[in-house]
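Visitor: What TrEMBL shows for this protein is this:
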DOMAIN    46-260  domain 'Kinesin motor'
BINDING   Gly138, Gln139, Thr140, Gly141, Thr142, Gly143, Lys144, Thr145  ATP binding site
Amino acid sequence: METPTLTDSVKYVIHNKALIQQHMAQHRSTWQPEQSASTLHANSSLVETFIRVRPLLDKDHACGAFSLIDVQEPRTLHFTQPLVRALGGRFSTKSFKASSVFGSEVDNDAVYNGMRVPHAVQECLAFKTRELSILAYGQTGTGKTYSTTALEDRVVQQIWTAVKQDSHHSVFIEAFEIRGNAAFDLLSDPPLAPVKVLVTGASDVQYSGLSRHEAPSLPDLLDYIGRAKDLRLTRSTVKNSASSRSHSIIRLHICWKETS
Ligand SMILES: Nc1ncnc2c1ncn2[C@@H]1O[C@H](COP(=O)(O)OP(=O)(O)OP(=O)(O)O)[C@@H](O)[C@H]1O
Ligand SMILES: [Mg+2]
């Protein structure tokens, strides 16, 4: 396995592992009790933020890495970092709150349910809400593609299980990627046709030139998603051998079929 080159700050953290872990243990003893998850859900807002901690990978273990993160369920993450490197041995812990925090041992199914995506998708299918968007944010190698791919799979399966029970819905898909200021269609023929993103009002965005495809079956829908993923630009970076080099957006439209 290739050992990555370590920056001075990473070397410093590894060298001070014992002191840092002592600091983290001391910090844990100061934690206040958290609100229960059911109270949180009752207060949920229009936009919810979730944090997922990526487990350490083999290549992290190979260079002696250890976690600087403590998860306090259900919604707080504590992150420890060196404070003043020149003085040595000083560390600080910052705490962040989200709707829920998922530790590195939490699997994709638990994340899907913990984010209450099944409920949100259900609301869309019942036309109680018009739109549901899931976005992933984080630095390279933190698991955005890993998590969103798993969420996409589950959303698609859930939608299909629901719509196949009646003949009143049609499902359409659009997919494009944004590279810098330009956007490209991931499902056009020929592929990568330019897409113009136009903001026409405070909350109205139009995608001029973007192709839309009806998916008559689940395999068709999965095939479209697979094609879009294969076309998406990826490249190897220091931190991620399969790094996504663009922002990809997959849009599913569920339409009510007009009947006589
Ligand atoms: N929860 C997880 N459990 C196990 N492995 C994970 C998890 N999250 C991410 N990984 C692994 O970590 C590596 C980086 O993940 P991923 O490619 O999803 O990062 P990314 O945030 O999309 O990065 P980039 O911005 O470079 O595209 C991959 O090898 C992936 O399989
Ligand atoms: Mg990625």
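Quick reminder: no glycine exception, Cβ is built from N, Cα and C everywhere.
TrEMBL labels come from automatic prediction, so no person has curated them.
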Visitor: Near ligand 2, which of the binding-site residues Thr140, Thr142, Thr145 are found, taking a Cβ distance under 6 A to any of its atoms?
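Guide: Once distances to ligand 2 are taken from each Cβ, Thr145 fall under 6 Å.
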Visitor: Using a 10 angstroms cut-off on Cβ to Cβ distances, just flag whichever of Gly138, Gly141, Gly143 is the loneliest among these binding-site residues.
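Guide: Fewest other Cβ atoms within 10 Å, among the binding-site residues Gly138, Gly141, Gly143, is found for Gly138.
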Visitor: Counting other Cβ atoms within 10 Å of each residue's Cβ, which of the binding-site residues Gln139, Thr140, Thr142, Thr145 comes out lowest?
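Guide: Checked Gln139, Thr140, Thr142, Thr145; of these binding-site residues, fewest Cβ neighbours within 10 Å: Gln139.
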Visitor: Ten-angstrom check, please: count other Cβ atoms within 10 Å of the Cβ of Lys144 (ATP binding site), all chains counted.
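Guide: Total other Cβ atoms inside 10 Å, all chains included: 19.
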Visitor: Need the DSSP three-state call for Thr145 (ATP binding site) to compare against my parser.
Guide: helix
Visitor: Cβ under 6 Å from an atom of ligand 1: which of these binding-site residues qualify? The list is Gln139, Gly143, Lys144.
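Guide: Gly143, Lys144, by Cβ distance under 6 Å.
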Visitor: In three-state terms from DSSP, label Thr140 (ATP binding site) for me.
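Guide: DSSP call for Thr140 (ATP binding site): coil, neither helix nor strand.
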Visitor: Excluding Gly138, Gln139, Thr140, Gly141, Thr142, Gly143, Lys144, Thr145, please set out which residues of the same chain place their CB within 8 Å of the center of the CB atoms of the ATP site, keeping sequence order.
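Guide: Residues close to the ATP site, other than Gly138, Gln139, Thr140, Gly141, Thr142, Gly143, Lys144, Thr145: Arg54, Ala136, Asn240.
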Visitor: Could you tell me the mean pLDDT the prediction assigns to the domain 'Kinesin motor' (46-260)?
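Guide: Across the domain 'Kinesin motor' (46-260), the average pLDDT comes out at 90.
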